[in-house]
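Novice: Okay, here's the structure, questions in a sec.
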(Lines of atoms letter the chains of each structure in order from A and count residues from 1; the text may use other names and numbers.)
(Lines give C-alpha, C1' and ligand atoms only; values in the text may rest on other atoms or scores of the structure.)
Protein backbone atom coordinates (compact mmCIF):
# COMPACT_ATOMS: atom_id res chain seq x y z
CA UNK A 1 0.00 0.00 0.00
CA UNK A 2 1.47 3.34 -1.09
CA UNK A 3 1.62 6.13 1.47
CA UNK A 4 1.94 9.89 1.18
CA UNK A 5 2.47 12.93 3.35
CA UNK A 6 -0.34 15.48 3.50
CA UNK A 7 0.22 19.04 4.80
CA UNK A 8 -2.85 20.50 6.53
CA UNK A 9 -2.99 24.23 7.28
CA UNK A 10 -6.73 24.72 7.85
CA UNK A 11 -9.36 22.92 9.90
CA UNK A 12 -7.81 19.53 9.08
CA UNK A 13 -5.08 20.35 11.62
CA UNK A 14 -7.66 19.55 14.29
CA UNK A 15 -8.07 15.89 15.26
CA UNK A 16 -11.85 16.09 15.65
CA UNK A 17 -12.08 17.34 12.06
CA UNK A 18 -9.69 15.05 10.18
CA UNK A 19 -10.44 11.85 12.11
CA UNK A 20 -13.85 12.67 13.50
CA UNK A 21 -15.76 14.61 10.88
CA UNK A 22 -13.87 13.35 7.83
CA UNK A 23 -13.15 9.83 9.10
CA UNK A 24 -9.57 9.86 7.81
CA UNK A 25 -7.07 7.37 9.23
CA UNK A 26 -3.37 8.20 9.32
CA UNK A 27 -0.19 6.50 10.54
CA UNK A 28 1.30 9.51 12.33
CA UNK A 29 1.28 13.30 12.43
CA UNK A 30 4.01 15.88 12.84
CA UNK A 31 4.16 19.67 12.96
CA UNK A 32 5.80 21.36 10.00
CA UNK A 33 6.56 24.60 8.19
CA UNK A 34 6.09 25.41 4.51
CA UNK A 35 8.52 28.20 3.59
CA UNK A 36 7.56 30.60 0.83
CA UNK A 37 3.81 30.19 1.29
CA UNK A 38 1.31 32.54 2.91
CA UNK A 39 -1.94 31.69 4.68
CA UNK A 40 -4.87 33.62 3.20
CA UNK A 41 -8.63 33.41 3.53
CA UNK A 42 -9.62 33.49 -0.11
CA UNK A 43 -11.10 30.03 -0.61
CA UNK A 44 -14.77 30.61 -1.48
CA UNK A 45 -17.14 30.19 1.46
CA UNK A 46 -20.69 28.91 1.44
CA UNK A 47 -22.75 31.86 2.69
CA UNK A 48 -22.49 35.21 4.48
CA UNK A 49 -21.83 33.43 7.79
CA UNK A 50 -19.03 31.28 6.31
CA UNK A 51 -17.60 33.80 3.82
CA UNK A 52 -14.13 32.29 3.30
CA UNK A 53 -11.93 29.37 4.21
CA UNK A 54 -8.17 28.99 4.53
CA UNK A 55 -5.98 28.72 1.47
CA UNK A 56 -2.28 29.18 0.78
CA UNK A 57 -0.51 31.08 -1.96
CA UNK A 58 3.12 31.39 -3.01
CA UNK A 59 4.86 34.27 -1.25
CA UNK A 60 8.61 34.24 -0.55
CA UNK A 61 8.22 36.59 2.43
CA UNK A 62 5.95 34.27 4.44
CA UNK A 63 5.78 30.80 5.94
CA UNK A 64 2.79 28.63 6.81
CA UNK A 65 2.75 26.32 9.79
CA UNK A 66 0.64 23.21 9.79
CA UNK A 67 0.38 19.49 10.41
CA UNK A 68 1.89 16.78 8.23
CA UNK A 69 -0.06 13.53 8.20
CA UNK A 70 1.51 10.31 6.97
CA UNK A 71 -1.36 8.30 5.46
CA UNK A 72 -2.20 5.78 2.80
CA UNK A 73 -2.87 7.10 -0.68
CA UNK A 74 -6.38 5.62 -0.34
CA UNK A 75 -7.06 7.74 2.74
CA UNK A 76 -5.70 10.80 0.95
CA UNK A 77 -8.07 10.09 -1.97
CA UNK A 78 -10.91 9.87 0.55
CA UNK A 79 -9.81 13.16 2.12
CA UNK A 80 -9.90 14.94 -1.23
CA UNK A 81 -13.45 13.65 -1.79
CA UNK A 82 -14.59 15.09 1.55
CA UNK A 83 -13.08 18.46 0.63
CA UNK A 84 -15.02 18.75 -2.62
CA UNK A 85 -13.75 19.69 -6.04
CA UNK A 86 -12.63 23.25 -5.33
CA UNK A 87 -9.04 22.28 -4.49
CA UNK A 88 -6.03 21.37 -6.60
CA UNK A 89 -3.49 18.91 -5.21
CA UNK A 90 -0.08 20.60 -5.00
CA UNK A 91 3.32 19.19 -4.00
CA UNK A 92 5.00 21.29 -1.34
CA UNK A 93 8.29 21.11 0.59
CA UNK A 94 7.83 21.04 4.36
CA UNK A 95 10.39 21.23 7.16
CA UNK A 96 9.37 19.25 10.23
CA UNK A 97 10.09 20.61 13.70
CA UNK A 98 12.97 18.12 14.00
CA UNK A 99 14.59 19.70 10.90
CA UNK A 100 13.75 16.91 8.45
CA UNK A 101 12.67 18.11 5.00
CA UNK A 102 10.02 16.19 3.10
CA UNK A 103 7.72 16.56 0.14
CA UNK A 104 4.02 16.57 0.97
CA UNK A 105 0.78 17.04 -0.86
CA UNK A 106 -1.53 19.86 0.09
CA UNK A 107 -4.77 21.33 -1.20
CA UNK A 108 -4.85 24.77 -2.82
CA UNK A 109 -8.02 26.48 -4.00
CA UNK A 110 -8.61 28.89 -6.84
CA UNK A 111 -8.87 32.17 -4.94
CA UNK A 112 -11.78 34.52 -4.66
CA UNK A 113 -11.44 37.80 -6.53
CA UNK A 114 -10.38 39.31 -3.19
CA UNK A 115 -9.70 37.78 0.22
CA UNK A 116 -12.53 37.74 2.72
CA UNK A 117 -12.82 37.12 6.45
CA UNK A 118 -13.40 33.66 7.89
CA UNK A 119 -16.18 32.99 10.36
CA UNK A 120 -15.34 32.96 14.05
CA UNK A 121 -16.39 29.28 14.15
CA UNK A 122 -13.97 28.34 11.36
CA UNK A 123 -11.12 30.47 12.72
CA UNK A 124 -11.49 28.75 16.12
CA UNK A 125 -10.92 25.39 14.38
CA UNK A 126 -7.57 26.66 13.06
CA UNK A 127 -6.54 28.13 16.41
CA UNK A 128 -7.55 24.97 18.29
CA UNK A 129 -5.73 22.82 15.73
CA UNK A 130 -2.59 24.95 16.04
CA UNK A 131 -2.68 24.64 19.84
CA UNK A 132 -3.45 20.92 19.73
CA UNK A 133 -0.35 20.33 17.58
CA UNK A 134 1.97 22.69 19.48
CA UNK A 135 2.57 25.08 16.62
CA UNK A 136 4.66 28.11 17.54
CA UNK A 137 2.93 30.69 19.74
CA UNK A 138 3.67 33.55 17.35
CA UNK A 139 1.75 31.63 14.66
CA UNK A 140 -1.13 30.96 17.06
CA UNK A 141 -1.14 34.66 17.98
CA UNK A 142 -1.20 35.58 14.29
CA UNK A 143 -4.25 33.32 13.80
CA UNK A 144 -5.89 34.86 16.87
CA UNK A 145 -5.44 38.34 15.41
CA UNK A 146 -7.25 37.55 12.13
CA UNK A 147 -10.48 39.52 11.87
CA UNK A 148 -13.56 37.37 11.46
CA UNK A 149 -17.15 37.62 10.31
CA UNK A 150 -19.78 37.94 13.06
CA UNK A 151 -21.54 34.74 14.09
CA UNK A 152 -25.32 35.02 14.54
CA UNK A 153 -26.99 33.42 17.58
CA UNK A 154 -27.76 29.73 17.06
CA UNK A 155 -25.43 29.40 14.08
CA UNK A 156 -23.13 26.92 15.83
CA UNK A 157 -26.11 24.63 16.44
CA UNK A 158 -27.11 24.86 12.78
CA UNK A 159 -23.52 23.99 11.79
CA UNK A 160 -23.66 21.01 14.13
CA UNK A 161 -26.85 19.75 12.44
CA UNK A 162 -25.37 20.27 8.99
CA UNK A 163 -22.20 18.39 10.00
CA UNK A 164 -24.31 15.43 11.17
CA UNK A 165 -26.21 15.46 7.88
CA UNK A 166 -22.98 15.59 5.86
CA UNK A 167 -21.39 12.83 7.93
CA UNK A 168 -24.42 10.57 7.36
CA UNK A 169 -24.44 11.39 3.66
CA UNK A 170 -20.73 10.63 3.43
CA UNK A 171 -21.21 7.29 5.22
CA UNK A 172 -24.01 6.34 2.84
CA UNK A 173 -21.81 7.15 -0.15
CA UNK A 174 -19.00 5.11 1.38
CA UNK A 175 -21.32 2.12 1.94
CA UNK A 176 -22.63 2.30 -1.63
CA UNK A 177 -19.10 2.05 -2.93
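Any Cβ shown, glycine's included, is placed from N, Cα and C.
If you look up TrEMBL, you'll see 6, 7, 8, 9, 10, 11, 122 marked as substrate binding site. As annotated by TrEMBL, active site, proton acceptor applies to 83.
Have a look at these and tell me how they're positioned relative to everything else.
Specialist: Contacts of residue 9 (substrate binding site) defined by a Cβ separation under 8 A and a same-chain sequence distance of 6+ are given as 34, 39, 54, 56, 64, 65, 66, 106, in order along the sequence.
Other C-beta atoms found within 10 angstroms of the C-beta of residue 83 (active site, proton acceptor) number 15, with every protein chain shown included.
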Novice: Would you kindly give the Cα-Cα distance separating residue 83 (active site, proton acceptor) and residue 10 (substrate binding site), rounded to the nearest Å?
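Specialist: The separation of the Cα atoms works out to 11 Å.
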Novice: Taking each of the binding-site residues 6, 7 in turn and counting other Cβ atoms within 10 Å of its Cβ, which one has the fewest?
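Specialist: Among the binding-site residues 6, 7, the sparsest Cβ neighbourhood within 10 Å belongs to 6.
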Novice: To the nearest whole angstrom, what is the C-alpha distance linking residue 7 (substrate binding site) and residue 83 (active site, proton acceptor)?
Specialist: 14
